[in-house]
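Annotated features in Swiss-Prot:
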MOD_RES   S104  phosphoserine
BINDING   S104, D241, D243, D245  Mg(2+) binding site
ACT_SITE  S104  active site, phosphoserine intermediate
Amino acid sequence: MSRLFGTDGVRGLANGLLTAELAMQLAQAAAVVLGHERSTNGARPRAVVARDPRASGEFISAAVSAGLSSSGIDVYDAGVLPTPAAAYLVADLHADFGVMISASHNPAPDNGIKFFAKGGQKLPDEVEDAIEAQMAKDPVRPTGSDVGRIQTFSDAEDRYIVHLLGTLPHRLDGLKVVLDCAHGAASGCSPQLFNDAGAEIVVIGAEPDGLNINDGVGSTHLGALQRAVVEHGADLGIAHDGDADRCLAIDHEGNEVDGDQIMAILALALKESGKLKDNVLVATVMSNLGLKIALRNAGISIRETAVGDRYVLEEMRDGGYNLGGEQSGHVIFADHATTGDGLLTGLQLAAQVALTGKSLKELATVMTKLPQLMINVKKVDKARAGTDEGVLAAVAEASAELGETGRVLLRPSGTEALVRVMVEAADMPTAERICKHLAAVVEERLAVAPAV
C-alpha cells in the first residue's frame, strides 16, 4: 500500500481520495498520536483547526472536528485562515497540535489535510507514519465528560494580525500596495494587515466563492496583479497563493520579483541590521546562481537543500539559521514563524521599500538573475541519472564549459518517469544550447526499453 502522506500532508480530489470518512479517520488517528502527551496527564488535549475557503473545506473541517472531539480533543475552530496563521496559533494558544485543510495553489476541486505539532512545527516523517499506522487500529471512544468540545476561535484572525504587525521594522505610510489574495485564505486578513500597517491598498482576488480559488489570480497567475499595479500607479504588488504560505511581488513597472530576489533583499537587510544568523541564507538547489553570487559578494553564504520547504526548514532548525526559502516564494523567517508565511514576507518586503525610500525595482537589482532553462525528459530510467557514465561525462563537460558563469542540475522526478535538466548560463543562447544537448544525451542514454 502506498504512503498516504505526501510531501505536504494528505492531498487529493475532495470526495475522490479525500472523503469525509478519510478525514475523520485521520483526525481520530492524529488524536491518539499527537494528543497522547496531555491525555496521560488527565487533561483534554487541544487542537486548532483552520481551512482555506474551498467549498469542500466545510465538510472536511466538520469531519476533522468530529473525529477529534469524539476522540477526546477540544477543538478550536479558527474558520478560514492562512496556513501560517494556523501554525502560529498552535504555538500562541499552547495547543497540542493543529490541522490545516487546504490544497494550497491547487485548483478548487482538490483539498488537503496537514498537521502541525506542538509549537506549530511541521510533522517529521516518522510521526506521519505513526498516524497512518494508527488508522488501522480502533479509535479511542471516550464518554461523558471526557468527550472533546468544539468552540469557535473568535479572535484567531486578530491574534495573527497583531503578531505580524509586531514584526514590522518600519510602517508603510505613504506606500500604495496592490494585494492579490488568490480568492483564498488571505482574502480577509491580508487587506486588514496592510491597512493597519499604514499602506494605501488596492485589493484584487479577494472574493472567494468556494470555487474560484487560484483561478486566474494569485502567485501562479501574476498577469492580473501586474496590470493592476501599473493601472493604479502602485509602488508594488503582493501575490499570495490559496493558503497564503508563499509570496511573489511585482514592482511599480509590472516586473515580477521572485522568491530568490525577495530573499536577496531581505537577507541583505537582516545582515545590515546585524540580525542574519551566522550570515547564512538557506535555499534549495533550484535557486538561481545569481542569488549565490550576489550574497557571496555581500559576505553571506548559502546552505543548499533539496527542493521543498520542509527540507529548508530542517536545515534551518539543524543549523539554527533564521532565514530561508524557495524561488517559488516560500520564505521562512524563523524569528517570527515556523513555516513559510506569505503575509509576513510581503509585509517585510514592503517595509524595506518604505524604510530605504528605494523602489522595489531598485532593491531587486541587488542580484542579477542568470538565464535559466529547464527541459523535462520523459519516459527514461530516472534511477540511472546519477550513475550512467555517458550522462555523467556530458554533465562534467558542460559544467567545465560554464565554469563559474553557470551551472548544470539533473533532478529525477519524485513522482514521474522523467528527469529534469536545468542549465543556467551567462546568456540564454548558451543555456539553451547546453540544455538541449544534455536533454538529448539523457534521452538516448536512459531510454526505457519498450515492453515486449
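Including glycine, each Cβ sits where the backbone N, Cα and C put it.
Its Cβ placed at the centre, D245 (Mg(2+) binding site) has 34 other Cβ atoms within 10 Å. Cα spacing between D243 (Mg(2+) binding site) and the residue listed as 'phosphoserine': 5 Å, rounded to the nearest whole number. Across the structure, D245 (Mg(2+) binding site) and the residue listed as 'phosphoserine' place their CA atoms 8 angstrom apart. If you measure from the Cα atom of D241 (Mg(2+) binding site) to that of S104 (phosphoserine), you get 6 Å. For the residue listed as 'phosphoserine', the same-chain residues that are 6 or more apart in sequence and have a Cβ closer than 8 Å to its Cβ are D8, T83, G112, D241, G242, D243, D245. Summary of the Mg(2+) site environment: with the site residues S104, D241, D243, D245 set aside, the chain residues having Cβ atoms within 8 Å of the Cβ mean position are D52, P82, T83, S102, H105, G184, A185, H240, G242, A244, R246, G342. Neighbour density for D243 (Mg(2+) binding site): within 10 A of its CB lie 35 other CB atoms from the protein chains shown.
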